[in-house]
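Shown next, in structure tokens, is the structure this report addresses.
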Amino acid sequence: MHSGVNGCCPLRLPAAAAVHGRRIPPLLPPRGAWPGCIAAPALHRKPGRGGGGALSSCRRASHHEKLQVAALPSKATLEFEHGVSLRSAYIVPEDVQAAGFQIDADELASIVESRDTKKLTVHGQLNGIADKLGTSLTNGIVTDKDLLNQRQDIYGVNKFAETEIRSFWEFVWEALEDTTLIILSACAIFSLVVGITTEGWPQGAHDGVGIVASILLVVSVTGTSNYQQSLQFRDLDKEKRKILVQVTRNGLRQRVLIDDLLPGDAVHLAVGDQVPADGLFISGFSVLVDESSLTGESEPVFVNEDNPYLLSGTKVLDGSCKMLVTAVGMRTQWGKLMAVLTDGGDDETPLQTRLNGVANTIGKIGLFFAVLTFIVLSQGIIGQKYLDGLLLSWSGDDVLEILDHFAVAVTIVVVAVPEGLPLAVTLSLAFAMKKMMNDKALVRQLAACETMGSATVICSDKTGTLTTNRMTVVKACICGNTIQVNNPQTPNMSSNFPEVAVETLLESIFNNTSGEVVTNQDGKYQILGTPTETALLEFALLLDGDCKEKQLGSKIVKVEPFNSTKKRMSTILELPGGGYRAHCKGASEIVLAACDKFIDERGCIVPLDDKTSSKLNDIIKAFSSEALRTLCLAYREMEEGFSTQEQIPLQGYTCIGIVGIKDPVRPGVRQSVATCRSAGISVRMITGDNIDTAKAIARECGILTKDGIAIEGAEFREKSAEELHDLIPKMQVLARSSPLDKHTLVKHLRTAFNEVVAVTGDGTNDAPALREADIGLAMGIAGTEVAKESADVVILDDNFSTIVTVAKWGRSVYVNIQKFVQFQLTVNVVALLVNFTSACFTGDAPLTAVQLLWVNMIMDTLGALALATEPPNNNLMKKAPVGRKGKFITNVMWRNIVGQSLYQFAVMWYLQTQGKHLFGLEGYHADIVLNTIIFNTFVFCQVFNEISSREMEDINVLRGMAGNSIFLGVLTGTIFFQFILVQFLGDFANTTPLTQQQWLISILFGFLGMPIAAAIKLIAVEPHEKADTRRTP
């Protein structure tokens, strides 16, 4: 079509049935019409080649099959003979035939796995496979329950073999393999043998049985804790498999879980999808697949009728298609690969690695003091024997005494080595991951929990994250006439525009779309597609509610799907009357710039002059300033001789109209942004929308401030490194951005400004930025599978407020582990000092091996359980983030550790030296009573220090404690077992029952640690080492 320069050239109307027609021509050769003919490529050649064309070849093939005549009249017959011999070699198993199918699972899987074209030909190409699977390429499988069960029994389920669940006893055995516990076990056995030999049963067995019982208690608690964590992580792994896939079943398009896919399903794939099973290409356009995860080849592969093989686990980089599933689960190449890979769930997080270094250092210090303690304790008896000349004469009592000293030394190592550090990290991460799942965040990488707590910048998408992603067209400018959509005063909107413009607009919307209008089981229209496509299709139905009329006619022959680089989608239609028409839609400025004509208010095609162009740009700006997303729709009549092999033109279009789409800001986003700001986290908005829309939304969200800068991607890309260095600290909005712009910004923030960056992404092209960021956050609803695979955390509800919740939980994990480390180091220091100084000055250790093992369990397992599972509070988001270079053990922690250790050691030393006088203890029984009081006081010091450790800076440590059932349970359990240990298990724990007064004084000394801790917190220290002064807003 050509428009006149002067006057009105009327727009050619499309055929009535051509508006919505989306009939795609067959992309594979038709099946042979002659009985027994196989649709091999060789049978569809033009007449004159190979001795008489396809029909004669089919006839010869048929006669050959019936009469077994060994004649070779053509190449086609040769190929056919080979095919018949292959087919005759395949025998359908009886159980498969009985279930109503004509091909077994292994034969079917081998076709795609080996890309066996000959075998595919033998089975009748795509249509033959579909027939043998009892499915329809158009309508998919029938979902009758019995039929689905039969199909599942024959072909299997789409699940991979899971690693065998480790039993509880395996975790117990793993805990028993600890070197220090093995040494203690040997000591216990030796103690039992010597004790029973010298003192008889049961008196001689008390020490040994006590140590064994303590070891078993420690091992069982540790094993139970680790077993529970493994179950939690397995549940989280199952959540990762909850992927919805679009299929056609019973002729209806619907979503099913990836695990429910079966061979015979017709699956719809689009850009960013991960291929959910092995299968064959049915139809589609421009399908480009990344097979590197399977083949290692970095070059993407085109999938079409000539190369119809789609492999599970590969990713769709471009285009869209429909696929016939042929193999699922462990019969796919991906499933077989998964079977030979080891479970990677045991990788340590960065914080665990750092803490292992701390644990090793403390362990070496503990070993040094343990050796010294053993030497000091043993030198008395050994020295005396040397003086008496009895070095070679040892009684059972002498051996037991040395053994006791050795057990104390080994137990000091057990106490000193903080095995609880990695346990605390794992516990805290497991607890946080489970709670975050309830808060709509799926953690894919454990390290993300820690890192998110240090985040200083969040780079967020707009659509669906800051906004609701529930889009509707609220304004439209067609033929220069702007209307309010859904206005009660204009019920028949199409009457506002020329008929020819409405028909062209409908043709554009219904054909140039990745969405689809289908009829659901209730007979009502249902729209499937992205929120943008849904909004446009709803608008089209409002203009002309009868979609059925527009289902036939034009054929889609070429599609260029939308991507964030081109910011447009284009389609070529083959018209019923001949010729081709291109339709294009996308970012308003970009598509309008590609137009040189437009449809005026009379329905005429007129040149797009500067005045009209300026007017349309003003409309775009007006829509955008109202926070509306704008799309421009245009078309172009293709010249005679156009070939579908050519590229879709980028210029020469006729503007049909502009629509304004409302995507409301999510409730609570403004408050969440304010929370981030108070927490020292700056929020940047990165969007593909134009700058006016972006600024309006950013102001509404509270992201764009008076001093902030909003900039477009094109301008951002032109900046030099020096200019970016000055710009980025003030930049709060990046509009019309490409994925490369996002990647560049994230890289600069991390390297030049040393920020810890969290970035959101939903598209395939966002994968580089998600990997570049410290924390990649993918959208669970709008996000593609490629984006989710590249992310550390999946935001299941696509809500910005959930991102803030993840940041809060990340800080909680980090702070909880700091609390535990502070608590544990205090116990370590005091236990070492008490036993070492007592050994040096009195020749005895007041804390025995059994007692130290009990303290170790309080400190390691129970302490980790209590402090590492503290839920986050709002105060966490009122402090500055730790950042990339923040110290883990801060000055605040050292202040608390030193202050509390000095108090506890002073109490222990006072009781050691003045305890007998204080309690009036005399006689042979005085030592064991005093040692029991020291042990009891020491334990209660840890109980109350555990409460004080709930807050490292705040004095009010009781806030929220009543609501923390785990913490209260640990405290109650510790006190209960301490009472049992002291009052009733004295023979095993080297204790004796205490009086009420002695209990009260022990508890009082422990309680006094709380006001002492509060007073220590009043001592001002620098909370963190000074961070970078060059912070972004």
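Positions of Cβ are set from backbone N, Cα and C atoms, glycine also.
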From 204-224, 435-455, 771-791, 792-812, the residue range that Swiss-Prot assigns the feature transmembrane segment: 204-224
The topological domain 'Cytoplasmic' (225-268): DSSP-derived helix, strand, coil residue counts: 19 helix, 15 strand, 10 coil
Seg_contact(the transmembrane segment (966-986), the transmembrane segment (999-1019)) with at least 3 CB pairs under 8 angstroms, min sep 6: no
Other CB atoms, at most 10 A from the CB of Asp762 (Mg(2+) binding site): 27
Confidence summary (mean pLDDT) of the topological domain 'Cytoplasmic' (949-965): 91
Which of Asp461, Asp766, the listed recorded positions, has fewest other Cβ atoms within 10 Å: Asp461
Within the topological domain 'Cytoplasmic' (949-965), residues counted as helix, strand or coil by DSSP: 4 helix, 0 strand, 13 coil
Asp766 (Mg(2+) binding site): secondary structure state under DSSP, collapsed to three categories: helix
C-alpha spacing of Asp461 (active site, 4-aspartylphosphate intermediate) relative to Asp762 (Mg(2+) binding site), in angstrom: 8
